Amino acid sequence: MVFVAVFSDRAWQFWQRWHIVLVSVFGISALTYWSILQGQDQNWDLRNYHYSAVYRLLNNRLLWDIAPSQIQSWFNPFPYIPYYIAIRSLPPIVSGSLMAIVAGINIVLVYALTLSLFKGSLTPLKSVTAIAATLIGATAPMFLSEVGTTFIDNVMSLFIVGAGLILIRMYRNPDGSGDVVRAGWAGLLLGIAFGFKQTVAVFIAGLVLATVVTCLLSRRSPVRPVLGLFVGGLVGTALSVGWWSYFLFTTYGNPLFPFYNKIFQSPYFPLTNFIDVNFLPKSFMAAVGYPIQWALGNSFVSCEMFFRDFRFVMLYALLAVGAVFLLRPVRAVEPTKSMPGLLDRNACVFLFVFFVFSYVAWISMFAIHRYLVPLEILTGAFSVMLLAVSVRNRTAFIIVVAILTPALVLTTIPASWGRSSFGRSWFDVRGVDSINKPDTLYVVVEGGGAPLGYVIPFFGKTSRFVRIAGNMMLTPGVGLGASAKDVIDNHKGPIRSLQVKEQMIPEDLKHLRIFGLEPSATDCGTITTKFDVLQSCQLERVSPPAPGGSASVVP
């Protein structure tokens, strides 16, 4: 074996003892270094709600401001608390590095899960295969693009992959004792993930289905594992989103506000089930073609940003052969010297069912590429599993892995959500003091949907923000629009607009007038940040226009 020569006896003993630690240290260090080279995160969601949502939560502003971050104002803020503390307390390069380190924990989970696909003790072949699989997953374009950012998709993957690892290893106990406890811990992780981000439901469903199928194929009762998943999931969900759902329900009458409002019928939002369908495939053939589009660089079918990725189109070439082996009836044991003979059948069936079902569910419900991160980082593990089935000779397997791994890594172009150079301040907001006065009401009228929530913490605590335009347009007298109109009409202090400089369009002016406001032509000030140049103008009260009429100034 070629790899045996690489390790002396002493080196191999050292590797056997410390391989998890070594993979973790080298992998996390590499990702952190890469993130530092990319620069400071400035993604749209960070500027819209990641930062301001936590500020509003911790400063009792949840009902003080109205829709300051548009429809995202009601996303669960709890998973972003660590990011808020890091940004607020540490130099940008340090806080960004900490974000990268957290994302890097995925590396050790993927490495451990890949090893779990094989039977027996650690060998050089298994180690190198797991490293290759981890490298393929860790350089996936969406995962890599989010390293060192405030996106939590690569945090959700920690819970999903971690739960999957627990469930896969559960099958190593042949008599099923302890299944409830192990599945309960996995369910706890999944419940926490679901509470933080409900879009992970497709992966939770995939893990539950994989658990049931693997139990049945191994002639094992799925009742206890499913019970453990259910109970653990309830506890995890209650811990991560229980208080937030209670707050939304008692305030707006909808525990998922503003989503699924056709079901809960909150008077504060239209009776619709808001769903982002921008990236959903228009047909079955279009869905089948998505991986081909990603390989060609036409990433805009599932993402706002450009990227290129050959991983999923490569899986097409391996799936058919892999399915024949993994789901065929049990027969004679594979020769131990063949690659299939090294595989743990239960672990491979589990990963196969989870991966395929979750992908189909994802592309059917969302097709938003950021949500695919938990599968992206497992593409390497899934690939080597299918390769081990397809390329039965060990030498041939090693050669294919040695070619495939650098080919996938080097042809990948990760997405970019916006980066800037590190400095002393994450946001570098200036000019607020020159325009801000106590008890000022700021009406955000950026109809184009520009993310402005991040500047809220830099104004005084008595300042108040009402956003009437963006991806959630408010109308006086209707739902939250009525609340906004009431705040505007009864405000006793100064009222000012807030928008990106020179981007107030006629539709924005018209929307202001509907709320009885009009900007002053003389009293305007500028606020600069690391990302934007903002403008704030004094607003005068006017009589709202009658249909077809014009507004008049209120004396």
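Placed from the backbone N, Cα and C atoms, the Cβ positions cover glycine too.
TrEMBL lists 18-36 (among others) with the feature transmembrane segment. Using a Cβ-Cβ cut-off under 8 Å and counting only residues 6 or more beyond its ends in the same chain, the transmembrane segment (18-36) has close neighbours at 93, 96-97, 99-101, 103-105, 107-108, 111-112, 122, 127, 131, 134, 138, 144, 147-148, 422.
Residues annotated as transmembrane segment in TrEMBL: 98-118 (among others). Beyond the ends of the transmembrane segment (98-118), by six or more residues, the same chain brings 20, 23-24, 27-28, 31-32, 34-36, 41, 82-83, 86, 90, 126-127, 129-131, 133-134, 137-138, 143, 146-150, 154-155, 157-158, 161-162, 164-165, 168-169, 342-344, 347-348, 351, 377-378, 380-381, 384-385, 388 to within a C-beta distance below 8 angstroms of the stretch.
Feature annotation from TrEMBL assigns transmembrane segment to 125-144 (among others).
The transmembrane segment annotation in TrEMBL covers 150-168 (among others).
Feature annotation from TrEMBL assigns transmembrane segment to 202-219 (among others).
Residues or ranges marked as transmembrane segment in TrEMBL: 226-249 (among others). Within its own chain, the transmembrane segment (226-249) is flanked in space by residues 62, 74, 76-79, 179-196, 204, 207-208, 211-212, 255-257, which lie at least six positions past its ends and keep a Cβ under 8 Å from the stretch.
Residues or ranges marked as transmembrane segment by TrEMBL: 310-327 (among others).
For 347-365 (among others), the entry in TrEMBL reads transmembrane segment.
Residues or ranges marked as transmembrane segment in TrEMBL: 371-389 (among others). Residues 106, 110, 113-114, 117, 129, 132-138, 140-143, 146, 153-154, 156-157, 160-161, 199-200, 202-203, 302, 311-312, 314-315, 318-319, 321-322, 325-326, 339-340, 342-343, 348, 351-352, 355, 358-359, 362, 397, 400-401, 404-405 of the same chain sit 6 or more residues outside the transmembrane segment (371-389) yet have a Cβ under 8 Å from a Cβ within it.
Positions annotated as transmembrane segment by TrEMBL: 396-417 (among others).
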Stretch-level contact, the transmembrane segment (396-417) and the transmembrane segment (202-219), CB cutoff 8 A, at least 3 pairs: no
Folded-back contacts onto the transmembrane segment (347-365), same chain, C-beta under 8 angstroms, at least six residues removed: 113, 116-117, 164, 167-168, 171, 202-203, 205-207, 209-211, 213-214, 217-218, 280-281, 287, 290, 319, 322-323, 326-327, 371-372, 374-375, 378, 381-382, 385, 389
Close approaches to the transmembrane segment (202-219) from elsewhere in its chain (Cβ under 8 angstroms; 6 or more beyond its ends): 160, 163-164, 167, 171, 183, 186, 190, 193-194, 225-226, 229, 233, 345-346, 349-351, 353-355, 357-358, 361-362, 365-366, 371, 374-375
